[in-house]
Amino acid sequence: MEVESLAREMETAVRVVHLASSLCVKVQEKLRLPSSINGNGNGGHVKSKDDDSPVTVADWGVQAIVSWVLAEVFGTQNLSIVAEEDTDSLSKAESLALLGAVSNAVNEALSEATKYGLTKPDEPLGSDDILKAIGRCNSTGGPKGRHWVLDPVDGTLGFVRGDQYAVALALIEDGKVLLGVLGCPNYPVKKEGLSNGCNQSGAGSVSKGCVMYAKRGSGQAWMQPLLPNGYPESATLLKASTVDDPVLATVCEPVERANSNHLFTAGLANSMGVRKQPMRVYSMVKYAAIACGDAEVFMKFAQSSYKEKIWDHAAGVVIVEEAGGVVTDAGGRKLDFSKGVYLEGLDRGIIACSNTVLHDKIIGAVYASWESSSL
């Protein structure tokens, strides 16, 4: 497919991620208000899923908004959306207050849709409309056809803690990622603001919040500021770092130990002469850091029982690659987004680098270190 033919898809995706990010900012602010705190510390705006991971008003709210906008622009016929959340827990009788909070957040955001160049509903969406929009995102993807892939709030734990998170939207066709958009509301625009932990929610004078995006094959990745009052008029071209010496490289890895082996990545970094402490960051913000030159490496080696989801990587991968970086599994193979919800056939882990020279060095180090690891 020609890159130029994606203009409508790209523009819609970028605009809806701006709108969704605005919703997230407002919900996160409410989570931090003392008046919202109750016995569980989150004002009832956070619910645990079956795997004990949190899901918030923002997760469901973003999914509803993105689904509704995509349906309005492209129609519901043949609209395939692969997304993380479902309506099971939100539809239960005991979740009536939570559904009300989601409805309020969605309608407040959609009332400002025209500020982002999007159509707003003729009247506020009812609870049934919102559940329908969330439930529409029930595709499992696959090797054929066009699929939108959404992680409404990637890094929900970071979101709840007032730290880094991302709204991630990608478009996949016949197993290939065509475009990706990352909304990073807490990402510090100034490089000196990005630090280990990356908690910028109370950062005062540090300018923060952006949307990054890229089309496959364009050779360009872009960043726009996240503005409180609408869509920005300008964008900045992103370029990944040219640092190819591991001694000078900044390495990102997940915060959570449950799905990433910190001991192996530490040993690998040490064997390569990496001197800087790893920057542990929630969500696909790790990809964002590489795309805009704030970091050089993202490594993730999950335990064998953990299965990577496509929505955790699709948008970030295309943005890094179009900014000049490289993303593969630990065997040097491109990630395969054609197998459905999961990244099947992944060789040991995922390695994203700002350039091919550094990537080749890390792949070599993985092979040298693997036999002695405890994985």
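Here the Cβ of each residue, glycine as well, is placed from N, Cα and C on the backbone.
According to TrEMBL, the feature Mg(2+) binding site maps to GLU84, ASP151, ASP154, ASP312. Less than 8 angstroms from the CB of ASP151 (Mg(2+) binding site) sit ALA83, GLU84, ALA166, VAL167, ALA168, MET284, LYS309, TRP311, ASP312, ALA315, each of them six or more residues away in the same chain.
A 10 Å cutoff on Cβ-Cβ distances gives GLU84 (Mg(2+) binding site) a total of 22 other Cβ atoms nearby, all chains included. Around the Cβ of ASP154 (Mg(2+) binding site), the number of neighbouring Cβ atoms within 10 Å comes to 29. Residues GLU84, ASP151, ASP154, ASP312 make up the record's Mg(2+) site, and a Cβ search at 8 Å around their centroid adds LEU150, PRO152, VAL153, GLY155, ALA168, SER283, MET284, LYS309, TRP311 from the same chain.
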